[in-house]
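*Asks:* This structure is in structure tokens; I'll ask about it shortly.
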Amino acid sequence: MTHLTIRASRPYSVYVEPDAIRRIHEVKQAQEADRFWIITDQTVADLHMASIRRQLENVFPVTAQHVSTVEPGEGSKSLSVYQRLLEEGIEQGATRKTMILAVGGGMIGDLAGFVAATFLRGVPFLQIPTTLLAHDSSVGGKVGLNLRWGKNLVGAFYQPSAVLYDPAFLQTLSDREWRSGFFELLKHGLLARPTFAEELIGLGLSDIKQLPLADWISAGIQVKQHIVEQDERETGIRAFLNYGHTFGHAVEYASEDLSHGEAVGIGLVFVSILEGNEYQTNRLVELIHRLGVVLPERQPFERYLELMKRDKKNDVSIRFVVKGQDGFSLEAIDQKRLKNAYDQTVRCLHWA
């Protein structure tokens, strides 16, 4: 069992353990809630909702429950789905004492968290992650929606009341979801735990599923905890958590069938080339092929350039989180270097 306390503007606990939902009785806002409004996607609802509702009833037998489901995938992080959820909240009688439970992966955490941040000017919410990828997104308080111009262009910083993470949920994940979460875990290792990263980068898909998950998830969360506690609202070093994400987000947004983490894997190759880190580039390319990532249809450089210009870290120039001799920094990269890195990424990955 891991118990961490995230010391943000509103401190909260993170539990990583079997049957973590039982910890809800320790959350003050849950004790005071007039109902639990569960927001999830249809896949998670089919797999886990009956069990989750029973566990909630065991702890709070008289607290009403309401479940809202959305379609799986990034398409649900939209203004139209957000509006439907707000209206559903009004129709089911939610109040400022209602607690939202975000049950699912990163998309659900972002969407349900943004509903919580804005419904009736803010109601409490819990993150209950069901994917490996969500070890990253469930901690730190970033919530939001996508627009047709790019990812996460509408959003807020809104901390959960707690994060209740049961690794048993991960046993129902597809291979793609395992890969997706693994690349975010690797990113945390590359940022702050080189030995951890070196262990991860040599693994295959079957190895990943046999990891001591609670320990490895906790290690990834602790990297993020250390950064978020210093820079909650991303005015400085929190931007380093976007390592591999500037190009990765562009690839993800331009592709219909690539997961977030798989796109981050490609983004890590791109940024390793920018850094001139040939060893890391080669290891990442080997890993991407070993894990069976199916590369998306490649778009022209100009399309990715357009999407990178919309990244929230960028103003006049396109800035990347890069590692140099003195550690990580945000560096403005000119278009010529970006095109060169793109061409090398295409060659290294044999990206048709």
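Glycine is treated like the rest: Cβ placed from N, Cα and C.
Found this in Swiss-Prot, in case it helps:
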- T130, T131, K142, K151, F169, L170, Q171, T172: NAD(+) binding site (BINDING)
- E184, H245, H260: Zn(2+) binding site (BINDING)
*Asks:* Among the binding-site residues listed here (T130, T131, K151), identify the one with the smallest other-Cβ count within 10 Å.
*Replies:* K151
*Asks:* On the three-state reduction of DSSP, what should I expect for T131 (NAD(+) binding site)?
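*Replies:* Assignment for T131 (NAD(+) binding site) reads coil.
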*Asks:* Through the lens of DSSP with three states only, how would you label K151 (NAD(+) binding site)?
*Replies:* strand
*Asks:* Just to confirm: which same-chain residues, 6+ apart in sequence, have a Cβ under 8 Å from the Cβ of K142 (NAD(+) binding site)?
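*Replies:* Looking at Cβ-Cβ distances below 8 Å from K142 (NAD(+) binding site), excluding near sequence neighbours, one finds D110, G113, N152, G155, F157.
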*Asks:* Taking every protein chain shown into account, which of the binding-site residues Q171, T172 has the largest tally of Cβ atoms within 10 Å of its Cβ?
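*Replies:* Within the set of binding-site residues, the most crowded position is T172.
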*Asks:* What whole-number value in Å do you get for the largest C-alpha pair distance within T130, T131, K142, K151, F169, L170, Q171, T172, the residues recorded as binding NAD(+)?
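*Replies:* Answer in Å: the longest Cα-Cα distance is 28.
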*Asks:* If the Zn(2+) site is taken as the center of the Cβ atoms of E184, H245, H260, which further residues of that chain fall within 8 Å of it by their Cβ?
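*Replies:* Here the non-site neighbours turn out to be L133, D136, S180, F183, K187, G244, G248, H249, E252, G261, A263, V264, G267.
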*Asks:* Could you round the CA separation between T172 (NAD(+) binding site) and H260 (Zn(2+) binding site) to a whole angstrom and send it over?
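*Replies:* For T172 (NAD(+) binding site) versus H260 (Zn(2+) binding site), the Cα atoms are 18 Å apart.
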